[in-house]
Amino acid sequence: MFRAIRWEKPKEKHPYLTGNFAPIARICTPTPCTYTGVIPEDLYGGEYVRNGANPIPNLTSGRDAYWLDGDGMLSGVIFQRSLVDPTKIVPHFVNRFILTDLYLYSLENPSLQGPILPSIAILVNPLSSLMAIVLRILRTILIVFLSHLPGSEQGIKKISVANNALVFHDGRALSTCESGPPIRIKLPGLETIGWYDGDSAEGECHRRTKGPIIGGNDLFGWIREWTTGHPKVDPSTGEMMLFHSSFLPPYVQYSVIPQSYTQKRSISSPEMLNIPIPGVSGAKMMHDFGVSKNYTVILDLPLSLDPLNLIKRKPIILYEPDKPARFGVFPRRELQDVKWFETKGCCIFHTANTWDELDSEGNVTVNLLACRLTSPTVIYTVGNIAAPQLLSTRKSDIPLEKSRHDSLDADKSEQAFSSPSKQSSEEEDQCRLYLYQFNLECDPPVIKTQYALSSIPFEFPTLNPAYEMSSARYIYGCSTTSISFDTTLGRTTKIDVIAKIDIHALIEKGKRAPPTSITGCIDTRTVAKIRTSRDPKDSIKTFIMPPNWYAQEARFIPRKNSQSHCHSTYQPRNPSISTVLSDELEVQPDIPQAPDYPLNPPAEDDGYLIFYAFDESQLDEEGECPDGAVSELWIVDAKGMRDVVARVRLPQRVPYGLHGRWFTEEEIRGQRGFERVREVRMSSQGKVGLVVGLMRMVMGGVRRWVFWAIG
């Protein structure tokens, strides 16, 4: 029965698992890198780390594969100070797999011929049969059961691959994914310490043996511990807010974890764990949420993640466009006061910022910036699956397949801003930065404002971290020179534009000439038109990648002061040396200096954008990466959005992935202590008793036979 679902070599290439989307097998210990340009002093001692899926084994690509499947891999660049001369900097590249239960068990059992977890592609594909889905789920349950039998070195207690994002809270760097709790990572070497339960992490010195933990201690705690990939940390109080979403009622629970490791403890409130949020309509695929200084916004969208859908002969992950999008707004610690706002159905995977406003009469408005998609088409295309017809929305009349360079010669007669009367009531297939304003004084609740700030594609948002949860002026994000993120089957979405949006300016324009609710847009220019602007005060600025170069998500690093100095470029004499530091450096003179701004306190946008970049001219004729392909880490001036301050050449490529984070030198030095890190454990070779030895041998044989049978 199970042999029918064995994995076979796919006949077609999966677009999201080939080229620079393809996983890598090489692991680098901290390795010195060369660079050109200048590295700002503000980066000294810090580390940029990016998370992403890197599946093993790499079944590149039949339809039963998905871009987000796979084991978490961290790729980091450490801006390490020289031990001999602290004014000198030596960037080091390091990458490691996150040692989750699934990854360790896969290494222990090489006879497993496919991933332990079912591919997301199986769960979202409308053509997947009920039998195929059930068999995949039963296979996973059987493997988890076998992992706990005698003879197994690693039991599978958590099913998270921890491949989504990173957060720093209370002396811990945490890697996240919706299928489990966060897992702690050691900086800067990226070793795995252990799962975090809301109080402490495995491997730490002092662990609480009793008391509440994420998910609870009952029979279904392992399901209720599934935590958002995007926890929020309040920069003022140090509190971390999380939600835990599952397919069991009450569906979504909420936690607030105070900071206890630093002096901020005195201003933090008590811990809240696993508090049900009333009013959630059902089991949902929730990825992100919004948190302001005083309020939290939960996204109850018409995208379900429910195994019970199988009974209705529907996919486990199902979008229902006829249902509304619901936003639950409540005070941070008073969930019983939640107010639900409804509007037209949509998908939102990432929020950009959330903040409160208080008018002269004391009325509270909660503002949410979010990357709104008009359909879930991207969920299907990253699995190389055709989206159901009912999800199709009206496409733009402008062809998608425009050359990047032709698009920059756009018709100059195009109007920069359109009036509400000219805007269509129909929605194109799009992903735009939207403003939602929730007036908490209205009864019944009504969304005060909801429209796009710009018509350019916009995802993976970031901002100056000091301005999170407040009325930040600037939001940065990823875009493309195409009209929209490509959702054509067999094609991939790639980032060749980093955009900077002046939120305050566009909101003011919206107040003067309000656009149509939901479908309206303030700035309707394309990337090509924006690129031609010479207005230094333009509300949108773009950084365009060179031909054949593509970026990944960018993160903002603020300048510590307006007189930041930069170190000259160097070239290690032997870049292959993997020692901690190299003192044999050749300083190259006459290197351009970083932009020099007037002497005054740093402005909100006074800083840098940091991201990985890849030159696709390295690909071979079949679109694959040769063994010698490499990526770079780019540092871009975030104020002017034109100058590349520095480019660090890495010893290998970094596949296109998900979310990253900048860790400051203070955070790295201020990490909590721990006793041990996780390690790859091979089968025990020491002496054991006859009975134990026989049991291990028998169970090992049983596991190998079962794995052969189920693939």
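For all residues, glycine too, the Cβ spot is worked out from N, Cα and C.
Since this is a predicted model, take the numbers as computed values, not measurements.
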Response to the item:
Candidate ranges 404-425, 558-579; TrEMBL annotation region 'Disordered' resolves to 404-425
Practice prompt. Check each residue in the chain of His659 (Fe cation binding site) that is at least six apart in sequence and keep those whose C-beta is under 8 Å from its C-beta; list them in sequence order.
Written response: Arg50, Asn51, Asn164, Ala165, Leu166, Gly229, His230, Phe460, Glu553
Practice prompt. Can you check which residues sit near His287 (Fe cation binding site), meaning Cβ under 8 Å from its Cβ, same chain, 6 or more apart in sequence, and list them in order?
Written response: Glu178, Thr228, Gly229, His230, Phe349, His350
